[in-house]
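According to Swiss-Prot, the protein carries these features:
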type	residues	note
BINDING	Tyr18, Tyr41, Trp76, Trp77	substrate binding site
ACT_SITE	His22	active site, proton donor
Amino acid sequence: MIRKAFVMQVNPDAHEEYQRRHNPIWLELEAVLKSHGAHNYAIYLDKARNLLFATVEIESEERWNAVASTDVCQRWWKYMTDVMPANPDNSPVSSELQEVFYLP
């Protein structure tokens, strides 16, 4: 299993809305994430800094990257553009983090 972590931002006035939209996420999106090998996906909110910290375990980089080209992911990204900064393709602005410590 490959562990990934990344940081995104949420608009200061959208903390509650961001959380509402994720509880629960669309069943179709959940199915796509699982079918593409995502496990133990979690997102944490740092309210003071409007930061989102996400962790996910994936089976392969190729399958994980393929999620972005699915119709449901494209619709989800568009749905989220009013609550968080987005790139021109509507994907969330994010930075992948480097793992520096792991205790199994």
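Residue numbers in this text run from 1 along the chain shown.
Including glycine, each Cβ sits where the backbone N, Cα and C put it.
Positions of the features from Swiss-Prot, shown on the structure.
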residue : record                 : DSSP class
Tyr18   : substrate binding site : helix
Tyr41   : substrate binding site : strand
Trp76   : substrate binding site : helix
Neighbours of Tyr18, Tyr41, Trp76, Trp77 excl. site residues, C-beta within 8 Å of centre, substrate: Arg21, His22, Ile25, Leu29, Met80, Pro92
Task: Would you mind reading off the Cα separation of Trp76 (substrate binding site) from the residue listed as 'active site, proton donor', to the nearest angstrom?
output: 11
Field: Protein Cβ atoms within 10 Å of Tyr41 (substrate binding site), excluding its own
entry: 15
- line: Tyr41 (substrate binding site) to His22 (active site, proton donor), Cα to Cα, whole Å, comes out at 12
- request: Enter the number of other CB atoms within 10 angstroms of the CB of Trp77 (substrate binding site).
  value: 17
